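**Student:** Let me give you the structure first, and then I'll get to my questions.
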């Protein structure tokens, strides 16, 4: 190669485009203006060295050794943990990351370079390298072409095999339909063909390594199957692409039926279900059936159900369940009845806006709504098994009904003489023994008169005892409404009329206190006309009897009216058998335990009977009447006190006598469970509402916690209703605990934990409770009159409200002129036109009746002297602090802020 080699000539020799060669020369640090310039041998060697360095190769063997000495390679290994999904679970896999990095020593730091090659050696070396590069490119192109050809052939072969599999599946389906039709046709037993000798040969062995099926549908020739090499290739492809689910290999043989099963056919025809059960079941030997085929489920270790009426079939339509739901049900139990996960039911409740946990109880309405939301049907469950048993007992007690005494309830306003009238009838002094002279619980008595036995219920007249009066009207036969002739109709009088009408019982009006000078019975009749109570003399049907409980005037006439009304009603009841009735009042007596005052309405109550009373039960240990005697039994319309119950029953609960203690205990426990669940559901439902309400109210609302203990259940109920009703948006009365009986140690601990006030109504605290009260500084208060309880709780609640700041205007001054002062700035010359202006009070500046400034007085002078106040009709000078825009005609309003105690 001559020294006059141009760039164009060199490009032809190395088979490289001229432009590319110019770029490479430029990258090697040699600048040429055109392809006709001459390239020297030194420049060629420099280009070759650049290209070798670019491709990571040494220029010569000596250079290679030198390059190796200039390089250092560092290997780094790093262990990591990667979490991958494996079905429903997650698996942690250890991964090792290897990094390799090579560092090359700079050329400036190296030694001298090797001797340059001769031009002939350089040319031969370049040609050899170019030839090797062309050979490698050619081999790579051939390899890619061969790979494309093999891939195309595999795709084509796969399509042909899939088409052949579809054809075979269609033929098998038709054969299965024909076999199912033949099997469904009735045939005599005598005509059943025997299995032929060739039948076993047609069946496939049960071994997994057996050959493919021998039995093939008509029309499927052996030529349609692929060749053995294609099978091998197909198996390799299936192994590589098994995630696609195109083919399934069983014991080294392609299983088309398995492929079809994994394709996910959910809705199957009758023929498909018959064919599938035949494939999975054992051979039956019936000619024409496809049961001779191999079952592919042996690998899972369990045998499948045989075809027939008892075989399992996948449901093809949504299953709608009928779920029985009681009054309450837990989320877990509801999910079990719906055959769902508990989390799914909780999610459905969240979507409906109900925040519940899987163990929480929900009411029937909520459970029914979520059941309908999930696509099922909810029905109300009948949980009254024990209640039905009680009804059966009550029906067994039915016998011949005989006349019974009337039950008369005395109702009316407070201090109208109800108890005094009853005292005169009974010839006792009950009213004198009442605290404050007012009745605070229902009293039950029966009186033997010349006209027969009459049972009386004395109800409280105070507004707090509304529920007591309603309970008395519910169990009564006749209501005697006592109205004071000198006082007329009062609020509780109207309420008693409403209770009597709601209960549907006749009303007799006793106009009391007619012996007083201001008595006006006609006024009472006219006022009751507004309540639709019309006297007989006005054309109505209500008897008005004028009586005097003090003198006894008209009492006999009243008893005659009661007896007449009872005869009209024809009151009857069964006097024998198991007793039933209603609890009028209950209490907890020291030494006697729970005591319940009951009114027998059916049957006869005897000592030793097993009693169920609400959620309480027990055996009757003793019976007491209102005089303290112990009768042997109590018949209909007779009130008695019962001892022996397991706890204090609620006033108004019904009681019934049962045969044995076991039934009584079961019924009481079931009622208690239902009541507790209902209470939990109510508290859980209101919990979030209370939280949101507290968030909305913030810190503005005060809370007064109370612990209430009383002598009887009715008083507890009345106190709770009256005190909770005092709550408003500023203060909330919260009764954290209430009960019947004395104040115990647990009551004191509850009050100490919640910083509550203990209210004892006709009860006292024991020694241990008093010790806790003293050590913790608990507020303990005793009461015997309900008026005092309400008044004192109002005072305590008002003290929690704090004080209210009010502004009161004390004086107004009219600005007549404005003066300038070097010390105070603008000084207003004013005339006090109203009240008094004081220096220490805040002021407002009004302009055209609009407040333009609010601040305080800086200076108040009269005749250049500082004064504390200026009264009406006096001139003065007023300096307003930090305000210099006072103008003539403005008004300066002086006011003071006062604190006013807030009340309920």
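Quick reminder: no glycine exception, Cβ is built from N, Cα and C everywhere.
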**Student:** Quick check on the annotations: Swiss-Prot lists region 'Disordered' for one of 267-316, 317-366. Which range is it?
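**Tutor:** Going through 267-316, 317-366 one by one, Swiss-Prot flags 267-316 as region 'Disordered'.
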**Student:** If you look at how Swiss-Prot annotates this chain, which of 39-59, 60-80, 81-101, 102-122 comes out as region 'Disordered'?
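**Tutor:** Going through 39-59, 60-80, 81-101, 102-122 one by one, Swiss-Prot gives region 'Disordered' for 102-122.
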**Student:** Can you dig out which of the ranges 388-395, 396-403, 404-411, 412-419 Swiss-Prot describes as region 'G1'?
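**Tutor:** Going through 388-395, 396-403, 404-411, 412-419 one by one, Swiss-Prot flags 412-419 as region 'G1'.
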**Student:** Pull the DSSP breakdown for the compositional bias 'Basic and acidic residues' (134-177) and write it out as helix, strand, coil residue counts.
**Tutor:** 44 helix, 0 strand, 0 coil
**Student:** Neighbour count, 10 Å Cβ-Cβ cut-off, for residue 412 (GTP binding site): what number do you get?
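**Tutor:** Residue 412 (GTP binding site): 28 neighbouring Cβ atoms within 10 Å.
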**Student:** How many neighbouring Cβ atoms, not counting its own, are there within 10 Å of the Cβ of residue 514 (GTP binding site)?
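**Tutor:** 20, counting other Cβ atoms within 10 Å of residue 514 (GTP binding site).
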**Student:** Once the DSSP letters are reduced so that anything not helix or strand counts as coil, what is residue 418 (GTP binding site)?
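**Tutor:** Where residue 418 (GTP binding site) sits, the three-state DSSP reduction gives helix.
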**Student:** Please identify, from the binding-site residues 415, 418, 459, the residue with the sparsest Cβ neighbourhood, meaning fewest other Cβ atoms within 10 angstroms.
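**Tutor:** Ranked by other Cβ atoms within 10 Å, the binding-site residues 415, 418, 459 bottom out at 415.
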**Student:** Can you work out the mean pLDDT of the predicted model over the region 'G1' (412-419)?
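**Tutor:** For the region 'G1' (412-419), the model's average pLDDT rounds to 82.
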**Student:** Where does residue 459 (GTP binding site) sit in the DSSP three-state scheme?
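**Tutor:** Reduced to three states, the DSSP call for residue 459 (GTP binding site) is coil.
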